[in-house]
Each structure stands twice: as structure tokens, then as C-alpha cells.
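Okay, structure first, notes after.
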Amino acid sequence: MKGLGWVAGLASAIIVCGLMQRLGGEDEDRLALAKERTVPRLRKELAGRDFPWGGAVFLRIFKEERELELWVEKGEHFELFRTYAIAGMSGQLGPKLAEGDRQAPEGFYYVPRSAMNPRSRYHLSFNLGFPNAYDRAQGRTGSFLMVHGGRLSIGCFAMTDEKVEEIYLLCDAALAAGQPFFRVHCFPFRMSEERMGRARGHRWLPFWQELQPGYQWFEKHRRPPNVLVQEGRYSFGDD
């Protein structure tokens, strides 16, 4: 019975998140309709705040706060466009370790155009690219970890259809304008010294200490760092 329960849990995780990428929705006009509905308003708001349409984007996710930030490049730096509440997310603070564990990932991810899915079963979605090189070096497994529409998710980040339209379309515009990929940094929480201090003794503190320099880099420079994985560890430098 325990084995059957494990199989059922794994199947549920795959159904909720994985099949979004493998099975497109029947409505092939979904993206066109989303653009018609949302792009004029977004263009007007961007122009009113001196953001370029198609400007490079950068996303940060904070699991404890249940927030996704979308930043847009303006001149030499990135400025915050909007903070979105995450509607649905499963698991606890800490990284995703294995397929079916219901955990959402923590780490540094890159999203190219090929990872965008305009025919997702959950409205619109993009694949975060888990596991990345660091995750693989740690033996972590999983697939099809998404940011998507709707309100429910197992291992992914559900944003609601309305919010994911904005997020998706701004990222899509940046890719169409020439950004080769956009970065998504997933953190357990805002990694201030005070909050890190409260994590003292937590089993994942050593891992979070590896993430913190990437958080601090952006806080200081307002540009995301170039993230590499060297000998199974993250390293950070100029883009």
C-alpha cells in the first residue's frame, strides 16, 4: 500500500505540472487573445513609467513571502515593474530534491524562448529549467517545473490566469526583442542578514548561504549576476 501511495503521489505531481508542457491546450488562439486583451494596457503603463516595450526582464521568486517580482531593464539598471502574489505553491522552505516530492525549486534558472508554452493546460506557462547544472550535481531530480496560470499547483508556481498573462507577455516581448533568455532567481525568503540569522540551525542553512551572494549581488548592483556552476557550487560575476 505504501508503494501504491508513492506512485499515486508521483502521478498527481506529473498530472498537475508536467502534462502542462507536454500537452498543449486546444485553443491555439489563446496567446493572440491574451495579447489583444492585455498588451495595450501594458504598453500604456510601461510608457507612463518610462519603461521600454520589449525591455529585458528579470524575475525573482520568494517562497516564504509568496511573491514573484518582475523587473524591467531601464538604462544601466533594472527597476521593479510589479510584485505579484503567488496564488498556489506546495511544499516547505528548502530545495526540490526528487521527482514527486511536491517541493518548488530554489536556485538560479534561465528561461529561453523554447521554454515558453502558450498552449499550457494552465492557460500560459514557462518552464524554469529545473534541474539546472547545480541541481544535477547534487543528484536532484524533477521535470516540468513551471510558472503558470490557475490557482493550484504541485511543485510549480501558480499565478492566476490574469497575472500570468502580464508576466508571460512581458517576458515574451523581451525575448522577441532580442533578449536570449531571462533569469528567474528562486529564493526561500528575502535573504537579509536578519532573516538569515533566524535560519540558524536550519538543515538548509548551508545551501541558503550559497544562494545569498546571488541575492546580495542584485540588491547592490540592480543587475542580476552571471551565475555559473563550478565544481558543483554556484559562483557569481558580471553579466
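Note that Cβ sites are derived from N, Cα and C of the backbone, with glycine treated the same way.
For the domain 'L,D-TPase catalytic' (57-184), the model's average pLDDT works out to 97. Annotated domain 'L,D-TPase catalytic' per TrEMBL: 57-184, in sequence order.
Counting Cβ atoms from all protein chains shown, His148 (active site, proton donor/acceptor) has 28 others lying within 10 Å of its own Cβ. The active site, proton donor/acceptor annotation in TrEMBL covers His148.
Residues or ranges marked as active site, nucleophile by TrEMBL: Cys156. Within 10 Å of the C-beta of Cys156 (active site, nucleophile) we count 29 further C-beta atoms, all protein chains included.
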**OP:** Round to the nearest Å and give the CA-to-CA distance linking Cys156 (active site, nucleophile) with His148 (active site, proton donor/acceptor).
**Re:** 8
